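Okay, structure first, notes after.
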Amino acid sequence: MTTKIVFLPGDGVGPEVIGAAEAVLAKVSEQEGFSYAAEHHAFGGAAIDSHGDPFPTETRAACLAADAVILGAVGGPKWAGGSVRPEQGLLAMRSELGTFANLRPATIMPGLEALSPLRPERVTGCDLLIVRELTGGLYFGDREEGSEAALDTCRYSRDEVERIARIAFDAARGRRGKLTSVDKANVLATSRLWRSVVDDMATDYPDVTLDHMLVDAAAMRLVSAPTDFDVILTENLFGDILSDQASAVAGSIGLAPSASLGSGKGGIFEPIHGSAPDIAGQGKANPVGTILSLAMALRHSLDQEAAAVRIETAVSKALADGHGTFDLGCSDSTKEMTAAICERL
Ligand SMILES: NC(=O)C1=CN([C@@H]2O[C@H](COP(=O)(O)OP(=O)(O)OC[C@H]3O[C@@H](n4cnc5c(N)ncnc54)[C@H](O)[C@@H]3O)[C@@H](O)[C@H]2O)C=CC1
Ligand SMILES: CC(C)CC(=O)C(=O)O
Ligand SMILES: [Mg+2]
């Protein structure tokens, strides 16, 4: 059966970085000798404009049938005040595809230590993985909207915590064997449930060293001692915030990829950044986060480990050779950076 890849360019810099990933996929598939069928569908603000819906029925059907979904980004000022927002489409997609596990690595690539806002010796060796719960918590709780008062609710069940914690324990087992579960158990009931479920599961993983950290202290530790972390397990909102922070520690948000996985084989693969309206249309967005997200798709959903490694190696080489976009203090355009990576595949 032909591998089916759905591209959702979305808004802002989304189409620019998706174009980069497509160029890399075209070349790497030729080199590794596999074929695929690519589809493009409307999503986010662009889909509100074309269909009046950020996650149209035909996009939903294509995503449900896909082996992997590669997403650019959604959102922007044009839709921010509207009654339907692009970000609602993203949340609906994550929920309907059941992608509860969001993997967000933050690794300092060789030669990029000096780009971190931290001192190079502090960031050298930083190699951490944030395992973020993606379909529960505050982003999915009941909401009441009002001009005088508003309400967002946070709910987690034991099952939801167990399934994401299992992913994190397994990931730690395959890495350096250290798991830090991040919560706010000194205040939140959901965090106290989270902590007790994770503690219960620790007995199944005697080879993993587990510690718990409050999210405010974790934010501090992430900048004062990022190399202390191996795998960070946390809930939806905390993971969203900490992963942007970790990406800056590792050089730039433009470099950071993610994989959103569920119980099946497919997944959603997207850079962690948003639509970057401040630089959209200028051809200067960093494509690396999206290209590395493609590598994660090839590894996790498409059974193409060799192609994933080929891409990761080419990205490393391009950066080590001094290529980079403006956010890395370099002058390559999105297209030039993509070409530099393609040449090194
Ligand atoms: N997964 C998604 O689709 C996400 C969508 N958003 C949406 O994106 C819109 C803009 O949000 P912001 O808070 O501005 O976050 P953002 O991540 O789009 O941008 C934050 C900063 O990072 C820079 N940046 C982002 N991507 C970059 C890249 N590839 N290369 C170089 N620099 C890059 C931007 O120029 C900006 O200065 C909002 O509507 C937000 O809701 C935000 C995060 C994730
Ligand atoms: C746009 C939000 C719904 C999500 C977000 O910021 C993220 O997943 O990084
Ligand atoms: Mg985010």
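Our numbering is plain: 1 for the first residue shown, then up by one each step along the chain.
The backbone N, Cα and C atoms fix where each Cβ goes, and this holds for glycine too.
Per TrEMBL, these features apply:
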- 4-341: domain 'Isopropylmalate dehydrogenase-like' (DOMAIN)
- Arg94, Arg104, Arg132, Asp216: substrate binding site (BINDING)
- Tyr139: site 'Important for catalysis' (SITE)
- Lys184: site 'Important for catalysis' (SITE)
- Asp216, Asp240, Asp244: Mg(2+) binding site (BINDING)
- Gly274, Ser275, Ala276, Pro277, Asp278, Ile279, Ala280, Gly281, Gln282, Gly283, Lys284, Ala285, Asn286: NAD(+) binding site (BINDING)
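Under the DSSP three-state reduction, Lys284 (NAD(+) binding site) is assigned to coil, being neither helix nor strand. In the three-state DSSP scheme, Gly274 (NAD(+) binding site) falls into the coil class. Comparing CA positions across the binding-site residues Asp240, Asp244, Gly274, the one lying closest to Lys184 (site 'Important for catalysis') turns out to be Asp240.
Taking each Cβ in turn and tallying the other Cβ atoms within 10 Å, the top scorer among the recorded positions Arg94, Arg104, Arg132, Lys184, Lys284 is Arg132.
Of all the binding-site residues listed here (Arg132, Asp278, Lys284), Arg132 has the Cα closest to the Cα of Asp244 (Mg(2+) binding site). Largest Cα-to-Cα span within the substrate-binding set Arg94, Arg104, Arg132, Asp216: 27 Å. Across the binding-site residues listed here (Asp216, Asp240, Asp278), the residue whose Cβ sits among the most other Cβ atoms within 10 Å is Asp240.
A 10 Å cutoff on Cβ-Cβ distances gives Asn286 (NAD(+) binding site) a total of 30 other Cβ atoms nearby, all chains included.
Taking the domain 'Isopropylmalate dehydrogenase-like' (4-341) as a whole, pLDDT averages 97 in the prediction. There are 20 other CB atoms within 10 A of the CB of Tyr139 (site 'Important for catalysis'), with all protein chains counted. For the binding site of NAD(+), formed by Gly274, Ser275, Ala276, Pro277, Asp278, Ile279, Ala280, Gly281, Gln282, Gly283, Lys284, Ala285, Asn286 according to the record, the largest Cα to Cα distance is 15 Å, rounded to a whole number. Each residue in Val215, Ala219, Leu237, Phe238, Gly239, Ile241, Leu242, Ser243, Gln245 lies on the same chain as Asp216, Asp240, Asp244 and has a C-beta within 8 Å of the C-beta centroid of that Mg(2+) site, without being one of the site residues.
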